[in-house]
Ligand code: HPA
Ligand code: ZN
């Protein structure tokens, strides 16, 4: 089973590029940029990655992002992630970035996006990995700040396919961002939002109805509402589920309690993703393996996660067709 998972072609739809900053690279960047870290070594930092909930993670995650200063830093961060994608057989990835985390501390929007974009272009040319960029608004900040960020993104419309919503879900419901999401859609951006990770099922309903999302990020609390569950099956609204993240942030007690396989079997369009792999203990293959170790699944079920992700992705129909063909070819060889 592990060999099947390792070789399975994959598509990632929920990855915060700042969350792929490994302690070793963080130390390299801190040294390069003359930043003092309150840890003696990458190992000591890794030991601090014990979280009680989303907020305790976010505090450490924003601290880590402070080491990112130059365009080259953002390039190196993204390039390191793409190399992991390459070993994990990821054909396509749609990555989030949090511009406000950087602009709030004086880093130019252009510095961030240009570094990430240049690495993704190299990923396409040198590793044959296709990609899109999604810009997330931080929901603990105001809607005015999100509107200001949207304005800065207009010069980079060619590089950014959509907007999303991340950070602290509790106390910051989708409705707070209704206006900026309407403006983003009017400008031609696709929309996604984190909802139903720690927050209630109603946030999933509101992300769909008020923010007009094409996908729901996380969404695992949908099981609290039977009507919502039925409508997700009916509409085939995709959920970008992040299994290792959910365990690390204590959304579920352990992987055997996770509902992703139950949702798959109910016919919900669930996908497997890594969220913040440097902090949560694993990239795409690790996430597939952790789910499979806790829930017996067939090859077809495992491949269904990739087929769901291909359908849910923002790639054009001909490339979707080619990626589906690769999964089917792999299944044909494996069975
Ligand atoms: N949830 C909310 N915000 C985030 C996450 C997450 O899992 N990762 C990075 N920002
Ligand atoms: Zn996330």
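Every residue, even glycine, has its Cβ placed from backbone N, Cα and C.
Per TrEMBL, the features are:
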DOMAIN    9-329  domain 'Adenosine deaminase'
BINDING   14, 16, 194, 275  Zn(2+) binding site
ACT_SITE  197  active site, proton donor
SITE      218  site 'Important for catalytic activity'
BINDING   276  substrate binding site
If you draw a 10 Å sphere on the Cβ of residue 14 (Zn(2+) binding site), how many other Cβ atoms land inside?
28
Is any of 197, 218, 275, 276 (recorded positions) within Cβ reach of ligand 2, i.e. under 6 A, and which?
275
Please go through the recorded positions 14, 218, 276 one by one and keep those whose C-beta falls under 6 A from any atom of ligand 1; give the result in sequence order.
276
Taking 10 A as the limit, how many CB atoms besides its own sit near the CB of residue 194 (Zn(2+) binding site)?
29
Local Cβ density at residue 275 (Zn(2+) binding site) - other Cβ atoms counted within 10 Å
30
Give me the non-local Cβ neighbours of residue 16 (Zn(2+) binding site): same chain, 6+ apart in sequence, Cβ-Cβ under 8 Å, ordered along the sequence.
61, 95, 96, 97, 98, 136, 166, 275, 276
In whole Å, how far does the CA atom of residue 218 (site 'Important for catalytic activity') lie from that of residue 194 (Zn(2+) binding site)?
6
How many Å lie between the Cα of the residue listed as 'active site, proton donor' and the Cα of residue 14 (Zn(2+) binding site)?
13
Packing count at residue 218 (site 'Important for catalytic activity') (other Cβ atoms within 10 Å of its Cβ)
28
Around the recorded Zn(2+) site (14, 16, 194, 275), other residues with Cβ within 8 Å of the Cβ centre, ordered by sequence, are 15, 19, 96, 166, 217, 218, 240, 242, 245, 273, 276
Grab the pLDDT values for the domain 'Adenosine deaminase' (9-329) and give me their mean, rounded.
98
